[in-house]
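Undergrad: Dropping the structure in here first, questions after.
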Amino acid sequence: MSTQKWLLLPLVAVAGLVLRQQLASSGPAENRPTAHQVIQEDVESVFVTYGAGTGRSLLQDDENDKHKDELVKQLVAKLNRTALDPVPSKPEERCALTQGTWCMQYHMQEPVQRYNPPSYDKDCPNECNGVGRCNHETGQCHCPAGWGGSDCTQPRKRACHHMGADKRDAGWHNLTHWSHTRCAGVCDDNIGMCYCPPDTKYGRREAADPRLPPIQAGRPLFMCTPGTDKDGKKVEWGGTPYEDMFGESGWCNADKPKFRCPCRVDGLSGTLCDAPLEQTCANQCSGHGDCNLGFCKCHKGWYGVDCGLRRKGVYLTDGDQVTSKPWMQGVITPAVAPEDPPMTPYRRRPYVYVYDMKSEFSTDLWQYRIEAAHCVYRRFDTKNKTLWAGYNAYAAEPLLHELFLTSEHRTLDPEEADFFYVPISFACLFEVYGWNAIPRWPAKVHGTRSYGAAMMQLEAMKWIAETFPYFKRNGGKDHIWFMPHDEGACYVWKDIWPGVMLSHWGRMDMPHASQTGYGQDNYSMPVRHKDQPVNWLDHTSKAHPCFDPKKDLVIPAFKPPSAYRESPYMGSKVGQKRDTLAFFLGDLRMEPGKDPHCQYSRCLRQRIYNISTEGKWKETHNILYGDRNAVGKHDYSKQLASSTFCFVLPGDGWSPRFEDAVLHGCIPVIIMDQVQAIFESILDVASISIRIPEAEISKIPQILKAVPADKIAKMQEGISRTWQRFRYIKLKMIIEDARKVLAGHVSANDGSAPKNLGAAYSVSKQDDAFATIMQWLYSRIPDATGKPLAPAQAAVLPAASGGATGAAATA
Ligand SMILES: *[C@@H]1O[C@H](CO)[C@@H](O)[C@H](O)[C@H]1NC(C)=O
Ligand SMILES: *[C@@H]1O[C@H](CO)[C@@H](O)[C@H](O)[C@H]1NC(C)=O
Ligand SMILES: *[C@@H]1O[C@H](CO)[C@@H](O)[C@H](O)[C@H]1NC(C)=O
Ligand SMILES: *[C@@H]1O[C@H](CO)[C@@H](O)[C@H](O)[C@H]1NC(C)=O
Ligand SMILES: *[C@@H]1O[C@H](CO)[C@@H](O)[C@H](O)[C@H]1NC(C)=O
């Protein structure tokens, strides 16, 4: 008996545990996956964790279970201590606290056998000029920023502000206007980025063939603008002395410059901004392409926005980047739909087709971004260490794209699709828009950001309707759009509105007007120009509400597991004692001049703050409320975990407070009239939260103190059964983060796994936010497409008929 085999034993048991849970949770007996199929799913993660052998040897070593000597017993006992309770497996348990029948309907559908995915073989014109990416399904070229036309031969430039023909600034003195793309060096006018000029030592040297990368990239000059010219004469649009940038010992010439310009663009790091980093792309081009600031250029034989699809008849592999670039291991999520032959044997509806969008609506915006952390949810740091992108409130946008691309619900055959996902860089445009002159929709029109984004979305819709036959088929009702920005789908064009709107903002009142405190985002502001003679408001916000619970869904914002690391569901002991009655930490915008008309947060955060200080809520009621100054610089996750109630208040629109509360087992106190919380239309949110009308904010302490202890306990129990629906887990980096957080608590707790109801889900992929969206979408198929659901499930459904009581599930 080799030691190697002994060491494998716990792995067998872990896989066995997964297996049992999966078997118990799958459909009718004859459709249950075999051991091999189930283990396949988790093999990859088990082996990344333990770094041993291959999936096959794991199965062969199943034998070892027979050896019942002392060592084995010890190992089993140890595993038992580190094993979490099994997640619920019966449909009625999994549907706890759901409203209506969507959840049971989903689980009662018969899974069907997967077949080999369709594959495509169309050629693109001119091989996309060697710069673009051919979509072999449509035969269309997708071009990177800088290139356009049907074969990516036409220039499609993004000039720097006031750039002359030599790509240098054309008005040091006669133009004082400042812009982020104002460039004192030489402009890379594919993306509007600035570098040291070619006549300096660390300047940019373009290749003779403009399709090739530069011979020397050069040190970036982005956000580094001169305060003087070379004669020492003042220029108005910058502040850095000329010598510091262009002198002998300046940034562009010296090996060790005494002044350094900022290094913020994706792909570069180090004090001299010359160490290359892996750049962020959708699912890292699946390991089959090269990432250029968000645009994947696929290796031969691969295609799609993430190079995740294989051209028909091509079976060669292009050398495995996951091996040659070890830092890719932690971020590439294996995609299910393109598996050929399928390794995931069964599938369930809904089937969702994911459009490969034209670059203007998608990857261009990533290529134009200024900060590495803009638009993405993860990035690479020094030495290509993966990390979360920091605070990106709209991170669910890139996240959902990867989730749809890798989902088992994705179909590569649009003809069979129940839904169509339209991945546009809507929120990313907001980040780029605030800083730069272009892109604009329509070109050159300077409207508000919300207008620009809505126009981009409209153009994207027109492109889809012209390019594919599917938009018109059901009047757009089966098209899914994600509107991550603060005021959600309030201002989507009425042509798009029939579709499924996913957003974080469940505002229901009609008519409605923008409530942002930030003018650029005000969707009620009229915009007029020659191409827009009609009032755009009549086509957008005045034509529909922000959210229609029948066809839309309010979905969680993204929080990585490390953001809720002190949650009792992740193994932390903090929440065992909740000694703060109620808690809120957030922006109040009360500094003079910041929000003069008190528009932010409907003036709720501010009014509550004043009431709380006047009433001495902290001293009298143990309610912590306010910004960092008021609440103290403590660990936010710990504070949420040690509070019984947590406030859910709006910001400029949505604010991810319901998620924060639920992920920490804190009971949400919702204060925003006529706005539904996350999943409120499909979950029994009323049974796990308190809602206080805006008019009653002065009674908050009395209302909360009147909640009886048994009701609090009941709500807490309800949260521990549903919290997993409020977090996303299915991408590689997220599940690894969750495992790390849990492992930290387990080792701090003498090697024991936490034993509480919610902890069963700590690292489970079951029923997360994305799965919840898919399960709900299933019930939407008849309405959105006219297709019936499979008849079998009608018989097994309980009598409940979509009432608000959740009778189908909770009992
Ligand atoms: C594992 O734990 C369960 C319950 O906690 C216990 O009943 C069982 O005997 C344990 N098994 C071993 C091998 O320690
Ligand atoms: C600024 O001066 C340059 C030449 O020095 C000229 O080409 C350009 O047109 C001038 N621009 C403006 C706005 O006057
Ligand atoms: C990081 O990734 C980039 C791009 O793949 C590569 O050029 C660089 O050598 C890597 N750096 C390290 C330290 O591995
Ligand atoms: C938004 O713009 C409209 C129209 O200009 C204006 O009436 C309204 O006060 C603005 N809203 C906010 C919150 O500034
Ligand atoms: C809160 O109190 C401050 C100080 O008294 C006052 O200036 C401000 O207007 C109040 N804000 C609200 C929204 O009541």
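Using N, Cα and C of the backbone, Cβ positions are placed for all residues, glycine too.
Not my notes, these are from TrEMBL:
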- 1-24: signal peptide (SIGNAL)
- 120-153: domain 'EGF-like' (DOMAIN)
- C124-C134: disulfide bond (DISULFID)
- C143-C152: disulfide bond (DISULFID)
Undergrad: By DSSP assignment, list the helix, strand and coil residue numbers for the domain 'EGF-like' (120-153), in that order.
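TA: Final tally across the stretch: 6 helix, 9 strand, 19 coil.
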Undergrad: Taking the Cβ of C152 (disulfide bond) as the centre, how many other Cβ atoms fall within a 10 Å radius?
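TA: So the Cβ neighbour count for C152 (disulfide bond) comes to 26.
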Undergrad: Counting Cβ atoms within 10 Å of each candidate's own Cβ, which of the disulfide-bonded residues C124, C134, C143 comes out highest?
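TA: Top count of Cβ atoms within 10 Å goes to C143.
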Undergrad: Give me the CA-CA distance between C152 (disulfide bond) and C134 (disulfide bond), in Å, as a whole number.
TA: 10
Undergrad: May I ask for the distance between C124 (disulfide bond) and C143 (disulfide bond), taken between their Cα atoms and rounded to an integer number of Å?
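TA: C143 (disulfide bond) has its Cα 12 Å from the Cα of C124 (disulfide bond).
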Undergrad: In whole Å, how far does the CA atom of C134 (disulfide bond) lie from that of C143 (disulfide bond)?
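TA: C134 (disulfide bond) and C143 (disulfide bond) have their Cα atoms 9 Å apart.
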